[in-house]
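Database features (TrEMBL):
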DOMAIN    87-507  domain 'Major facilitator superfamily (MFS) profile'
TRANSMEM  12-31  transmembrane segment
TRANSMEM  139-159  transmembrane segment
TRANSMEM  166-186  transmembrane segment
TRANSMEM  192-212  transmembrane segment
TRANSMEM  224-246  transmembrane segment
TRANSMEM  252-271  transmembrane segment
TRANSMEM  337-355  transmembrane segment
TRANSMEM  367-387  transmembrane segment
TRANSMEM  399-418  transmembrane segment
Amino acid sequence: MKFEDLLLEIGGFGRFQIFILFILCLPRINLPMHFLLHNFLAATPSHHCAIPHQEAFVNLTMEEVLLISIPQEPDGTYSSCEMFSQPQFHLLLNSSLQPENNSIIQHCQHGWVYDHSQFTSTISTQWDLVCEQRGLNQATATFFFIGVTMGAVIFGYLSDRFGRKAMLLVSLVFSVIFGMLSAASVSYSMLAITRTLTGVALSGVSLIILPLGMEWVDIQHRTFSGILTSIFWSIGNMLLAMVAYLVREWHWLLVAVTGPCLLSIVCLWWVPESARWLIANGKVKQAQRHLLQCARMNGRKDFTVSPEALRRMSTNKKPGQSYSYISLFRTPVLRKISLCSGAVWFGVAFSYYGMSMNLTGFGLNMYLSQFLLGIVEIPAKMIMYVLVNRVGRRQSQAWALILTGLSIGANVIIPKTFTSLRPVVAIMGKGFSEAAFTTVFLYTSELYPTILRQNGMGYTSFVARLGGALAPLVFLLDEVWRSLPEVMYCGVAVCCGSVAFLLPETLNVRLPEGIEDIE
């Protein structure tokens, strides 16, 4: 008897499963509010060098002071990082006569003046992370994703060893602690450390939610459950735009996006441990209690099951035997799955965060861009719900990622003057990107056996977060060639999408319990 047969008896998608999925969707909403927070936390408003001794120019307007103090770019805007060593009064007579002698131009010597019309404060304005320090600003997102990468390894192993629910609770508690410490940061170093630790904690939430819900759902409703959970990510995307619009001060913005984790901690009380994991680890009495609770809630009051029957369902795992990440590469089929799925996850995350962290590149207001990119994800997920059940997981995964890359590449070719077409192509690309992300979560949770599922999810999440950590740093390559970041996102997405064709199909296949089911 397999666990899938038990689900048929107790109800594979009844009130019990819907209740669990709803509770697990609460922390899911909170995830993008942290993962994409960099767009607003580290936003850089327009700025120019601070001009000393402005009181000496009492007879000049502010525009005239800027004209004689700050060099102009070819497009007529004032330089953000340079100033004249001496006032150039002749520019008052003819502003087009910009000095050709670079020796009178120097880097900002007295700090910067920022435009506070859009943001009261960000970490860029707080610690002057602009010009030569611009790399540190982008590195804030990288630090966070390095934390998420480490957390994927830690929580992937721990949740297979000590259970899904316990580790989900631990990750939520530490998310609140480190999130609030981030908001209280008094230096850039403190912020970098606390954001890294917040990433470690939130990685557990990201990693555990989907498998914990999926392991209670039957084959027929697995796809629906995966898509439903994923839709709440998109809702979090839209909520981030609204919260950031209302809260323009970075300390309070961090408090606003961290607070909802407290509600998730309270609600987790009503979520049971995964019965699949309990049976696979020989904890049959606890599994029996949760199964009877599920049957009662789903109206199957006549259902009974003995601990002995559940013990016979346990996998061939020997007493005291434990599995680690090395187990993912010991057998040939599992090794191929692990290598290919790792490549796909890297491509999905690298392209997704590359697009999501470039809100100003669409020619729209950044709050509107964030909101629209959240909205477009929902129809993309609806379409994927149909495709993964009709076409299959493998084809859907591969083509969604390849089309993401082609959309990014198309915007490299389309001229900047096509101001209406470029945002449309970008939003289409974001839709394909989210479709790829939605599918990869569902697909990966079906590829690995129960005894290694969290290890598998931890490993692939680790590789994905490497992609997420590198994505914001790639923006710095625009100094080499303005379109180089987009070319890299495009190439990686197309190559990694092609690798997905090498993975096995899992449509309408029972979730594997042990390694022998894979091999």
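Cβ from N, Cα, C; glycine included.
Counting Cβ pairs under 8 Å to the transmembrane segment (192-212), the top-ranked stretch among 139-159, 166-186, 224-246, 252-271, 367-387 is 139-159. By the count of Cβ pairs under 8 Å, the stretch nearest in packing to the transmembrane segment (12-31) among 166-186, 224-246, 367-387 is 224-246. Sequence-distant contacts of the transmembrane segment (367-387) (same chain, six or more residues past either end, CB-CB distance under 8 Å): 32, 36, 39, 223-224, 227, 230-231, 233-238, 240-242, 244-245, 355-356, 359-360, 395-396, 400, 427-428, 430-432, 434-435, 438-439.
Over the domain 'Major facilitator superfamily (MFS) profile' (87-507) the predicted model carries a mean pLDDT of 87.
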